[in-house]
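Features as listed in TrEMBL:
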type     : residues : note
DOMAIN   : 39-278   : domain 'G-protein coupled receptors family 1 profile'
TRANSMEM : 27-47    : transmembrane segment
TRANSMEM : 68-90    : transmembrane segment
TRANSMEM : 110-132  : transmembrane segment
TRANSMEM : 153-173  : transmembrane segment
TRANSMEM : 204-228  : transmembrane segment
TRANSMEM : 259-277  : transmembrane segment
Amino acid sequence: MEKEADAMANEDLCHSKLYINSRESPLVSAIMFAAGVLGNVAALVILEIRRRRDTRNGNMWRRSLFHVLIVALVVTDLAGTCLITPLVQLSYSLNSTLVGMSRNSDSVCSYFGVSMTFFSLATMSLLFSMALERCFAIGYPYLYSRYVTKKCAYIAIPVVFLLCTLFGLLPFAGFGKYVQYCPGTWCFIDMNPAERKHRVYANLYASLMLVLVLAIVACNGFVVYQLFRMYRRRRRNGGSMMPARSGGERRVMSIAEEVEHLILLVFMTIIFIICTLP
């Protein structure tokens, strides 16, 4: 009886479904894919335009750690969109689920699952790195100017990618499991598995994402508090600039420019949290 119940539950969740319901439409997926590609490409174009404009004006300081991190985030999100979403469209066009596209090996479903896991963790980790960078830049400018450079990004980004890759590959070592979800066009971590070790993996992923979200919110809150303190100090002292550093050179950055960075970070954080929390 228990085996039959488990089989019925799996069928309800489309774990073993081979064909897509003909009433399902690929329109929503296509719109999201187009929006993701266009949005990320537009972001890269805007960043490049600003970089060239600032280079012409002699403002090389803008090519800072924050700039490197945001470019890495946009490229990562664009890569995730291009490597994952076309499979959804292909699934609709063939009227076959991901499991049905590779019935003997489940390779397509496994690829989709590990890609989803990697890119979700990588994007949130890069967002956390950006929030942490702003936190140190605003709250601890002396330490930031002495120890934080663009080299930190060139080290942190590969480390983030490596750790996220290793985490995503754990189900292939028997710790965790990727399964197909309705309507059969996407695969992800089995969030309600029967085996304990698979439950531990699912809970670990959920906990990591929750910690990253809370850490990002905490860092952004700290930056808002520090900017408010700086604004009050500026009002009292009649000054409007604060010291900072990038690339080994001293520079000044107005509070307005820091607020611009914060607004961008908060906006991106809200988008990724909306997409991640479900």
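Heads up, the Cβ atoms here are built off N, Cα and C, so glycines get one too.
Sequence-distant residue pairs (6 or more apart) of the transmembrane segment (68-90) and the transmembrane segment (153-173) include at least 3 whose Cβ atoms are under 8 Å, placing the two stretches in contact.
Residues 66, 69-70, 72-73, 76-77, 79-80, 83-84, 87, 98, 153, 156-157, 160-161, 163-165, 167-169, 171-172, 178-179, 186-189, 205, 208-209, 212-213, 215-216, 219-220, 223, 265, 268-269, 272, 276 of the same chain lie 6 or more positions beyond the ends of the transmembrane segment (110-132) yet place their CB under 8 Å from a CB of it.
Beyond the ends of the transmembrane segment (153-173), by six or more residues, the same chain brings 65, 68-69, 72, 110, 113-115, 117-118, 121-122, 125-126, 129, 189, 201, 205, 208 to within a C-beta distance below 8 angstroms of the stretch. In this model, the domain 'G-protein coupled receptors family 1 profile' (39-278) carries an average pLDDT of 78.
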